[in-house]
Amino acid sequence: MVFRLGTWEADRHKEAKVANDKNQECNGRAERKSEEPKEKIPQEKARQYQLDVLEQAKKKNTIAFLETGAGKTLIAVLLIKSVSDDLQRENKKMLAVFLVPKVPLVYQQAEVIRERTGYQVGHYCGEMGQDFWDARRWQREFETKQVLVMTAQILLNILRHSIIKMEAINLLILDECHHAVKKHPYSLVMSEFYHTTAKDKRPSVFGMTASPVNLKGVSSQVDCAIKIRNLESKLDSIVCTIKDRRELEKHVPTPSEVVVEYDKAASLWSLHEQIKQMEAEVEEAAKSSSRRSKWQFMGARDAGAKEELRQVYGVSERTESDGAANLIQKLRAINYALGELGQWCACKVAQSFLTALQNDERANYQLDVKFQESYLNKVVSLLQCQLSEGAVSEKDTKVAHSESDVAHDGIDADDIEEGELPDSHVVSGGEHVDVIIGAAVADGKVTPKVQSLIKILLKYQNTEDFRAIIFVERVVSALVLPKVFAELPSLSFIKCASLIGHNNSHEMRTCQMQDTISKFRDGRVTLLVATSVAEEGLDIRQCNVVIRFDLAKTVLAYIQSRGRARKPGSDYILMVERGNLSHEAFLRNARNSEETLRKEAIERTDLSHLKDISRLISVDTSPGTVYQVESTGAVVSLNSAVGLIHFYCSQLPSDRYSILRPEFIMEQHERSGGPTEYSCKLQLPCNAPFEKLEGPVCSSIRLAQQAVCLAACKKLHEMGAFTDMLLPDKGSGEEREKVDQNDEGDPLPGTARHREFYPEGVADILKGQWILSGRDVCDYSTLLHLYVYSVKCVNIGSSKDPFLTQVLDFAVLFGNELDAEVLSMSMDLFIARTMSTKASLTFRGSIDITESQLASLKSFHVRLMSIVLDVDVEPSTTPWDPAKAYLFVPVVGDKNVDPMREIDWDLIEKIINTDAWNNPLQRARPDVYLGTNERTLGGDRREYGFGKLRNGMAFGQKSHPTYGIRGAVAKFDVVKASGLVPGRDARDLQTHVDLTRGKLMMADTCMSAEDLVGRIVTAVHSGKRFYVDSIHYDMTAENSFPRKEGYLGPLEYSSYADYYKQKYGVELIYKQQPLIRGRGVSYCKNLLSPRFEHKEAHEGEAEENLDKTYYVFLPPELCLVHPLPGSLVRGAQRLPSIMRRVESMLLAIQLKDIINYPVPVSKILEALTAASCQETFCYERAELLGDAYLKWVVSRFLFLKYPQKHEGQLTRMRQQMVSNMVLYQYALSKGLQSYIQADRFAPSRWAAPGVLPVFDEDAKDGETSLFDQDRSLAESQRGMGRCIDAYEDDEMEDGELESDSSSYRVLSSKTLADVVEALIGVYYVEGGKNAANHLMKWIGIQVEFDADEIACMTRPSNVPESILRSVNFETLEGALNIKFKDRGLLVEAITHASRPSSGVSCYQRLEFVGDAVLDHLITRHLFFTYTDLPPGRLTDLRAAAVNNENFARVAVKHNLHVHLRHGSSALEKQIRDFVKEVQDELLKPGFNSFGLGDCKAPKVLGDIVESIAGAIFLDGGRDTTVVWKVFQPLLHPMVTPETLPMHPVRELQERCQQQAEGLEYKASRSGNLATVEVFIDGVQVGIAQNPQKKMAQKLAARNALAALKEKETAEAKEKSDENGKKKKNGNQTFTRQTLNDICLRRNWPMPFYRCVNEGGPAHAKRFTFSVRVNTTDRGWTDECVGEPMPSVKKAKDSAAVLLLELINKLYS
């Protein structure tokens, strides 16, 4: 050891000398982290001494006693590996537990073990929330991990709750095991669990320490021996150390010790006294403010319990008295800083406390914050004024050295000896004071101690790779010293940070700690100021300087902090106060003890001669008093009971005004002559199952407290408030774990994202084997008995279009008779804009038919449906499914004959026997066959092996000169070559047909013109089908071809004949024939959804539009006549929609019969139909009602059934009974998934009997979107119109299919759960409570119970007289307008948890019931009042009426708040503010606050409204009508659809979506104000501030909306001024699209956009774009530059508009 005293200089060359030692440079634990953490660490070789210790550890339990830095962790790692390998041989999995004393070590050691072993390592500490884990979660950890690194407290907790057994652990490693003394968790784990386990089942133990004795010092060798022996017996191990120190010295260089002395600080009495004075004041204030404050009860002891609570369960709490306690701590810290560091530092400390407070978000509603602030302000001003006066000492004479002089004289630090500092100068608070120049030391502004520290640091100015740690005793010093260094220019070479531990008011989160340490490792920080947290085990890079600013408290700390200086040639500097004897004694003692210890560990004194055995602890295996749960083995002992009770209280439901905690009342029992004894009375919060408990008489205060808590734990477990694991029962089975996602990250059942395939249900009544017969035509004997139902259609409204009324009638044949309810139902079919049809079925009687007749009917049915549904099937081969058996048959108009004759047999025969069916162009999908279907051009997704034509001879696809590649083009020769159309050589045909004879030459026949009208023709060149509307004798193929409207280019075709020639390569022969005027045959549509907006105003327009795009003119010679009459097809196109409704109706009837309660079927169908069907009804309204009713019934059931459980448990149990997840399981168990209608009906996906759909994504409903009009120029030039239905949806909605099977659809499990609620709602509406309860019972929700059970449960409450007298019942009951039978209920309803309970429970349980009953009643009221409101608005209404804000305003309006019994002044203040706000609100004109008031109500106010409802419900004999009678007037005026405001945030969002604007909110916080800004397309349009962020967002959105509306009105006004009568061009959204289309049509390249300018600040960027286009005939156009716009899209649009105008000018 080297001792040097007095002045000294760091040896800058030491490093050089040592650097050439080739030995492995050890940095103990830090080895694991290489300088560049990225590289993998080279596997470190174990040194000999490490292997020696390892050998012993393998044989027996060992404590490794090695210096810090000797690499103990490596030994532990090797031991883990060896144990694991041994177990592996027996095929067992190892579970090793590695315990550490401090949280930061958890992360560090886990990392090391992971890297070293590659095992699965879990790490756990309190801040990860393990206290709240249940056994299942832990079990998972035990199964998946091999090593668990945790703080000892966590292991203790899980052992106590019996989540793990000691036997399950194979290896127990205790890091820093010298802690295993007294009541430290290490010690408790060993004594409570290790020593109580049978010897053969105990885990192996390995302890690691730098010094087995953790005391101030060791007096003698014997003393030392006893301590070591005690530790050994506690850990059941033997100490092992290294006999030969040489090898260790080689690896672990010992730093040279240097002692630096400093002068004692001058005392600043007056300041100290003033601050002390303040402490006393605060204590007084706290006492007076806090009710029965803990200061009086248990004095410091309760604080001990609180400490334990924080340690054990990480719970911290706050009231005003806590505020006081907190403040006193702060004042003491300031006082300490004043004495140890000087006034300048103390002032900094006070300021930092103050700013921390002001930035605290809770500041608004925590009284303690305000209270602290006032005092801290005083302190700051006190310290500050002193500093700025600029004190000058008596030694005025030397002041001549002004600061600048000294600097020039360049006095070197070394010249100034310790004693002769140049004297203090005037120092102002803010100036940078350089200490060398001599700060205000003499004046006590900075203490000599701080000064000498700064001098020491300066010596290292030029050391390269300088790293130092300064150890201080108190957190204050650690926090303030870096600030001091930062202000001194001479210390600018240092980068400094603090490192402090966890358990204090300035907690440093582990992540921050890790961060600081990693910065220190890589040199971003070079100096750490640390509390004791850095002494022990933290992996901190070797340093070359360790300074003990405050001397270590124990030998251990002395050894450990020295071990931090691990670089060869480091310094260990101890700062000692000159002449302080205790300091010197400590140093002597420490050095001796270390030697003694080492000697003892090697030589082991023989202790057998000791007389006084009492100093050796015997391990006490008889446990203290414990309560153990038989079933699980969980234990609570005297040691853990207090913490457990505190934890239990912290888990009770509470808000921020009431801090729930147990209270202890001590009683002394004086015995004459005997020792004083104590007993303790425990009082739990008012929502615990019991309130008071007397404890037994014990010998000490602490014991009395523990004993009563133990008894309470036992009682709570018996009452079911604790689970068998002795954890607070959260009211859940074991289901708490489930979040929205399960382990694999899939969405959970019950959520909307969780979707599955379910088979589509078909009603049983449709089953029929008969459909399979009719194959063997010869058999005439068997007759089949079928039922005929005719389809009756009644038109509503009118239409000029004759085709809508010319339809044939049909009947449907069923095998069974249908339920009468199906016949009574009529459905609306939306056929056209101005007309709809009511369709219904009528029973016509039954028929008997032969198999051959059936065969014809089946054949007809298939032919018809294959054309209607566009599916190519052959009647002879198509599969029939007996699950869905019915047939469509045409009927003759004659109604009064017998049903057999009603069937139009002639038509059937005619159609099935024609040979036209052999021509593929006459069957389904001719366009696919020809390859002219537009979809087939872009890589055909509809290839069903039909496209024979296109393979081989067909398509060298060349873009057409006039139309580009988009046109549907089939070269006609292909069609000819296929032989589908008879040869067209002019020679074979009479070229001069006498056209006057009314005959037309069709493609394959000659036909009379009259017969053609009303038929369907197929165009052979395109495969499209058309209804023939009329024959135009005045037009022939030589007429000129019409231009497309608005088309500017040159004429493309001279005549119709020219068009067909150029486009299809068809040379027309009969150019003189009249043209046929036809209309496209549309796809089969879904007629059940209202597709047309009924806009009366535009009716005329709509008609015009239809006329405009109506007709196509076709040369007859290109048409094939189709076998099916037009009116037949049009009638058949309605059948799919009709049958879909009939099928769903039959399913609903089937479900109704299963449930077995009379309810109209149409209502059940409504409950089974999702909104995604887009029909005229859906389940959402019913679901709203059912949801509220279900919540209500379950709440009532739970409330009455479990009088012991608190609101938190009840809420969780309710959640478990009514959550979507549970309802979803119920729905599945009852098979509801097959009854639900969840998809919009798409005929193309619908399976008719014998005609199964072909699946492809595009065959939606063949409906085209708005922009299809440009898609095919040829079509539009021929003027073919389609009904436009703009419903295009790419998202997969419920019910949409991805797969190829018709009978499956996707349902989200939320839909299933919703349907259950909707059914409850429907049954409730139709049959009241009984019906709803019947349904719930059927589903499986058990809420029934016996009346007598309830009767005995409802005990009248016994409220003490004194309290009854204190409540003003007259006014309260007057305000409610009801007399209570049991007034106790009313008292309970107005009692808040913050009120000290005196036999009255708080309102939480009543609030639970009241909340549900009000929700139910209000929802019911809204549901029945507004019967025609759409579900979305109804939901909004309910949300506005049933919410806390609204209820709070009701409470204030009827003065209920004045009766609230509570005990929190913070709450009092908030209510006062709120009442004032509400009164201001009411003054605003036209203001209604339904859910949108500007101030947030204290939740308590809304709660009492609910709890009063609960009380009325119970008091009125559990009758909801009584509640409604009281509440209807209270809630008046109730929100109505007219007064319902939209939430500004939502309104703004919807507006921005419509306008396609980008909306974003930016929130920031300063102090306790949140600021929210609204940006639209990057421009700020609104801003607001409020303490609550939600509220600020709402106000900001409201301001933004107001600003936007203002801007809009201004713009509108400008517009109207500008263009007096010019019609506004409404639709500019698609300008770029229009431009692109023009380019495509004219075969130009796409337009060329370029960004001309982009500027403005980040939040308000503006873009300017220009555009030009390269026209084929005129070259490039001029460049058009648009306006500056906030988004690129808009900027491009702006340019495109200008270019369009230009093109119009050029080409018009």
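Backbone N, Cα and C define each Cβ position, glycine as well.
Annotated compositional bias 'Basic and acidic residues' per TrEMBL: 731-741, 1606-1620, in sequence order. Annotation source TrEMBL lists domain 'Helicase ATP-binding' at 53-230. Taken from TrEMBL, the feature domain 'Helicase C-terminal' covers 452-613. Taken from TrEMBL, the feature domain 'Dicer dsRNA-binding fold' covers 641-736. The domain 'PAZ' annotation in TrEMBL covers 985-1123. Taken from TrEMBL, the feature domain 'RNase III' covers 1166-1328, 1369-1517. Marked as domain 'DRBM' by TrEMBL: 1543-1606, 1630-1705. The region 'Disordered' annotation in TrEMBL covers 16-43, 727-753, 1606-1629.
Across 53-230, 452-613, 1369-1517, 1543-1606, 1630-1705, stretch 1369-1517 shows the highest tally of CB pairs under 8 A with the domain 'Dicer dsRNA-binding fold' (641-736). Comparison of 452-613, 1369-1517, 1543-1606, 1630-1705 by number of C-beta pairs under 8 angstroms to the domain 'Helicase ATP-binding' (53-230) places 452-613 first. DSSP assignment over the domain 'DRBM' (1630-1705) gives 32 helix, 22 strand, 22 coil.
Residue counts for the domain 'RNase III' (1369-1517) under DSSP, helix first, then strand, then coil, are 97 helix, 2 strand, 50 coil. In the domain 'Dicer dsRNA-binding fold' (641-736), the DSSP tally of helix, strand and coil residues is 30 helix, 20 strand, 46 coil.
Note on the domain 'DRBM' (1543-1606): mean pLDDT across this stretch is 83.
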